[in-house]
Amino acid sequence: MGFVKVVKNKAYFKRYQVKFRRRREGKTDYYARKRLVIQDKNKYNTPKYRMIVRVTNRDIICQIAYARIEGDMIVCAAYAHKLPKYGVKVGLTNYAAAYCTGLLLARRLLNRFGMDKIYEGQVEVTGDEYNVESIDGQPGAFTCYLDAGLARTTTGNKVFGALKGAVDGGLSIPHSTKRFPGYDSESKEFNAEVHRKHIMGQNVADYMRYLMEEDEDAYKKQFSQYIKNSVTPDMMEEMYKKAHAAIRENPVYEKKPKKEVKKKRWNRPKMSLAQKKDRVAQKKASFLRAQERAAES
């Protein structure tokens, strides 16, 4: 079919329909959302859960949500900016941090539903493929589906780091190893050791060592926060191991106590009826006294 110029006449503008607001803003892929949200018709009121992963400049957001007419309902959430509590104070947007955030989300969710002792997940990090299976006589494994949003789902994307963390944490999420670091598209083989290195932050540690040898100034600029927090390349693996253990030990979100704000009054409060009557009586008495003094003088 050849090129056809769109004639923007009166009929075009009269029949024009704007796209959904979030499509206009470039925030939602409705083609993908439709397939992630619509539940099987034989499951009736059962929600279809999604694991939402969003990577920002300074944070990684992981949420478990399901769709309702009123809007998406968030069941549980975990954020990378909460990782300093577990000992990870630097590199909060790298692959290792994404894994930790996914792990925190999974353990927090299972703890909320009382399933954390039933589904421990994979405690020792190997980087290899692992799938959670339901245990007979126990509640079924919590199943959800990855929602990567508008992120480009290339091999090694941090979104899949969060996915791996959630799966190792005990959630059942359909996936394959094709998008994990360590998968070779030419040989069609997956190297679990390469994936484990990324989970343990060894790719960052190797780059730190390289910069320390090659360019000291670039190292100080690139890893200023690591230097400030005294994090060396040799400490990285142990730091993440301790973080994984700490997350499993206490994944519960602690609510901050509400600050009591003392209300300030900037205008005078209204007087009650009794106060108004009393004020009038005082003014009358004052006026009468003034009249009496004037008469005496």
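Don't overthink the numbers, they just go from 1 along the chain as shown.
Cβ coordinates are placed from backbone N, Cα and C, and glycine is handled just like the others.
What you are looking at is a predicted structure, and each value in this text was computed from that prediction instead of being measured.
Residues annotated as compositional bias 'Basic residues' in Swiss-Prot: 258-268.
DSSP assigns Lys220 (SUMO2 cross-link) to a helix. Taking Cβ-Cβ distances under 8 Å and a sequence gap of 6 or more within the same chain, the neighbours of Lys220 (SUMO2 cross-link) are Ile227. Residues annotated as SUMO2 cross-link in Swiss-Prot, with similarity to another entry given as evidence: Lys220.
The SUMO1 cross-link annotation in Swiss-Prot covers Lys220, and the record cites similarity to another entry as its basis.
According to Swiss-Prot, the N-acetylglycine annotation covers Gly2. The Cβ of Gly2 (N-acetylglycine) lies under 8 Å from the Cβ of no residue that sits 6+ residues away along the same chain.
Of all the Cβ atoms in the protein chains shown, 5 others lie within 10 Å of the Cβ of Lys5 (N6-acetyllysine). Per Swiss-Prot, the feature N6-acetyllysine maps to Lys5 (among others).
Taking a C-beta cut-off of under 8 Å and a sequence gap of six or more, Lys48 (N6-acetyllysine) has these contacts in its own chain: Leu36, Val37, Ile38, Gln39, Tyr66, Ala67, Tyr145. If you look up Swiss-Prot, you'll see Lys48 (among others) marked as N6-acetyllysine, on the strength of similarity to another entry.
Look at Swiss-Prot and you will find Ser185 (among others) tagged as phosphoserine. Mapped onto three states, the DSSP output places Ser185 (phosphoserine) in coil.
What Swiss-Prot lists as N6-acetyllysine is Lys220 (among others).
Under the heading phosphothreonine, Swiss-Prot lists Thr232. Cβ contacts within 10 Å of Thr232 (phosphothreonine), excluding its own Cβ and spanning all protein chains shown: 14. Under the DSSP three-state reduction, Thr232 (phosphothreonine) is assigned to coil, being neither helix nor strand.
DSSP classifies Ser272 (phosphoserine) as coil under the three-state reduction. Residues or ranges marked as phosphoserine by Swiss-Prot on the basis of similarity to another entry: Ser272 (among others).
As annotated by Swiss-Prot, region 'Disordered' applies to 253-297.
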CA pair Lys5 (N6-acetyllysine) / Thr232 (phosphothreonine), Å rounded to integer, equals 61
Cα-Cα, Ser272 (phosphoserine) versus Thr232 (phosphothreonine), nearest Å, comes out at 70
